[in-house]
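Reading through the structure tokens given below for one structure.
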């Protein structure tokens, strides 16, 4: 009789533990069902880079004075500045400028220290290629402006993920009461563009 009661007690404990483990596992599953997905259907959807995103470098040939400051501040001496000295004007004449993005670490030093602001960071990050030599951009390739994510007709800019409230790290934790929920990036831009602080106050209040 004692062994029988022990078996029943053991069976009840095992059944209780099995139910508890099953509940713990399903609770995680059901908790994620009510969250918005964090994945992106790339390349049909793209994340909107942040304002200070360090993407491909844009170069303006007409502004460059061939001072080579970008080469000196670069940790790996990457930019190649090809220039000749004009004996008549006694000034440098720029012939070619190139950056190999297969080696670039996108630190932004060249952009920060450029005296003429001929270098700037863009939001372009799609630099994949089949040949690594194609990553060596000359002054012509560097001068091309990338297509803005919010204005590219071939893709759908991702909603909401780029406009998380302050203190929220995960995209699915954005409050449902937030004013920006369900709006496209250009609509958010239009909302925040007015000079009055009324809209900005509403957004800040919704984040609290």
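If you go along the chain as it appears here, the first residue is 1 and each next one adds 1.
Each Cβ is built from the backbone N, Cα and C atoms, and glycine gets one as well.
Within the same chain, residues 49, 92-101, 103-107, 109-125, 127, 137, 139, 142-146 sit at least 6 positions outside the domain '4Fe-4S ferredoxin-type 1' (55-84) and bring their C-beta atoms closer than 8 Å to a C-beta of that stretch. The feature domain '4Fe-4S ferredoxin-type 1' is assigned by Swiss-Prot to 55-84.
Per Swiss-Prot, the feature [4Fe-4S] cluster 1 binding site maps to 64, 67, 70, 114; the stated evidence is sequence analysis. Residue 64 ([4Fe-4S] cluster 1 binding site) falls within neither a helix nor a strand when secondary structure is assigned with DSSP, and so counts as coil.
In sequence order, 107, 109, 110 are the residues of the chain that are 6 or more apart from residue 74 ([4Fe-4S] cluster 2 binding site) and have a CB within less than 8 Å of its CB. Taken from Swiss-Prot, the feature [4Fe-4S] cluster 2 binding site covers 74, 104, 107, 110, and the record attributes it to sequence analysis.
Nonlocal intrachain contacts for the domain '4Fe-4S ferredoxin-type 2' (95-124), taken as residues 6+ away from its ends with a CB within less than 8 angstroms of a stretch CB, comprise 49, 52-65, 67, 69-70, 73-76, 78-84, 132, 135-139, 142, 145-146, 148-149. If you look up Swiss-Prot, you'll see 95-124 marked as domain '4Fe-4S ferredoxin-type 2', on the strength of sequence analysis.
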| query | Reduced to three states, what secondary structure does DSSP give residue 107 ([4Fe-4S] cluster 2 binding site)? | reply | coil
| said: With every protein chain in view, what's the tally of Cβ atoms within 10 Å of the Cβ of residue 110 ([4Fe-4S] cluster 2 binding site), excluding that atom itself? | reply: 23
| remark: Whole-Å Cα distance, residue 104 ([4Fe-4S] cluster 2 binding site) to residue 67 ([4Fe-4S] cluster 1 binding site), is 20
| message | Need one number: mean pLDDT over the domain '4Fe-4S ferredoxin-type 1' (55-84). | response | 92
